[in-house]
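Asks: Input: one structure, supplied below.
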C-alpha cells in the first residue's frame, strides 16, 4: 500500500489562505468572479512559460535560474529584429521565436561556462549575472542600428523606445487564436494550447535518458561522475535549454501584454518566476511541470486579486507592497528551509 501523502508546505498554505481571503473579498467590492477567472487564465499562461524555463536548471542541480533576464534578453532581441522587418501575425511571432532561440543558445552557452566554473554558488552567480546583463543590453538598445521609426525615440531618431507597441505586429496572436466564448467566460484556447504543448515537451524530455541522467546529477554528482558521466555537458545543455525557454517565455508574455518592454523591463522578472515555482512545491533540486503550472496559477491569481482588493480596502500603493512581500518572503523561506535542512543533515 502506498503511504505517500500530499504534504502542504507553509508557502502553499499561506498563499492558498491568502487567495481564499481575496476571493471572498471580491463579493464585497463588486468585482465579477467571471472577470477574475477570465483574467487569471490569461495571466497564468502568459507567465507560465517563464516559470517553466526554470525546470531544466533545477532538475540538473544548477539551482533556480535567477539569471532568467539573460534568456529574456535573447527573446527581446528576436522580437526587435522581427519588428524591424515589419513582420506581422504568425510570421512575426514565429520569426521572433526562431531568432530568439538562436541567440538564446549563444547566451546560454556563455552563461553555462560561468556557472560550470562556480558550482555550488549558481543562484548567487545567476542573480548577479542577470543583473549585470541588463546594463549591457541597455547599451545595446541605445546603439543598435534599428531603422523602424515605430521602435525609435521620436526625438533624434536614435535608440529604441523603452516600450514598443505590438498592436501592428503580432500582439495578441496567441490570445486571439481559437478564442471560445461561453456566456461571459472567455477561454483563450490558442494561448493555453501553446503553453500545454511546451509543458508536454518538457515533461517528455524529463522522461528521456538525458532527462533521467540530469535528475541523477542533481541528486548525487559524485556518484554520477564516478559512473563516467560528463556532468558539465549535461549542465551546459540544461542551462541552454532554460535560456531558450526563457526567450520563448518573454515572447509569449509580450504578445499577451501588447508591448515589448526593453531596458530595465526584465530586471526583476526572475523573482516572481522563482516565487511561483516555490509556491508550486518545487525544491532546490527537483521540480515538475505540474508544480510549475500550479505555482504560476496561484501566484499570478494572487497578484491579480491583490490590486483591486487593496485599492478598495487599503491605499492603492499597498497592492504592490503586498505582492513584493509575498514574492520575496517565499524565496526567503526557501533559503532558510534549505539552510536548516543542511544543518540537520550534518548533525
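Cβ coordinates are placed from backbone N, Cα and C, and glycine is handled just like the others.
Automatic prediction, not curation, is the source of TrEMBL annotations.
For reference, TrEMBL lists these features for the protein:
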type: TRANSMEM; residues: 12-34; note: transmembrane segment
type: TRANSMEM; residues: 40-59; note: transmembrane segment
type: TRANSMEM; residues: 66-85; note: transmembrane segment
type: TRANSMEM; residues: 91-112; note: transmembrane segment
type: TRANSMEM; residues: 124-144; note: transmembrane segment
type: TRANSMEM; residues: 185-205; note: transmembrane segment
type: TRANSMEM; residues: 234-253; note: transmembrane segment
type: TRANSMEM; residues: 265-282; note: transmembrane segment
type: TRANSMEM; residues: 294-315; note: transmembrane segment
type: TRANSMEM; residues: 321-340; note: transmembrane segment
Asks: With CB pairs under 8 Å as the measure, which of the listed stretches 12-34, 124-144, 234-253, 294-315 comes out on top against the transmembrane segment (40-59)?
Replies: 234-253
Asks: Which sequence-distant residues neighbour the transmembrane segment (265-282)? Criterion: at least 6 residues beyond either end, Cβ under 8 Å.
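Replies: Here the qualifying positions are 9, 11-12, 15, 47, 50-51, 53-55, 58, 64-69, 72-73, 76, 127, 130-131, 134, 137, 162-163, 250, 288, 290-296, 298-300, 303, 326-328, 330-331, 333-334.
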Asks: Are the transmembrane segment (12-34) and the transmembrane segment (234-253) near each other by the rule of at least 3 C-beta pairs under 8 angstroms (pairs 6 or more apart)?
Replies: no
Asks: Among the recorded stretches 12-34, 66-85, 124-144, 294-315, which has the greatest number of Cβ pairs closer than 8 Å to the transmembrane segment (91-112)?
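Replies: Ranked by Cβ pairs under 8 Å, first place goes to 66-85.
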Asks: Pairs 6 or more apart in sequence, C-beta under 8 angstroms, 3 or more of them: is that satisfied by the transmembrane segment (294-315) and the transmembrane segment (12-34)?
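Replies: Yes, since the transmembrane segment (294-315) and the transmembrane segment (12-34) share at least 3 Cβ pairs closer than 8 Å, they count as touching.
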Asks: Sequence-remote contacts (6 or more beyond its ends) of the transmembrane segment (66-85), Cβ cut-off under 8 Å?
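Replies: For the transmembrane segment (66-85), the sequence-distant neighbours (Cβ-Cβ under 8 Å, at least 6 residues beyond its ends) are 50, 53-54, 92-93, 95-101, 103-104, 106-108, 111, 123, 125-127, 129-131, 133-134, 137, 144, 146-148, 150-151, 160, 164, 166, 169-170, 242-251, 254, 260, 262, 265-267, 269-271, 273-274.
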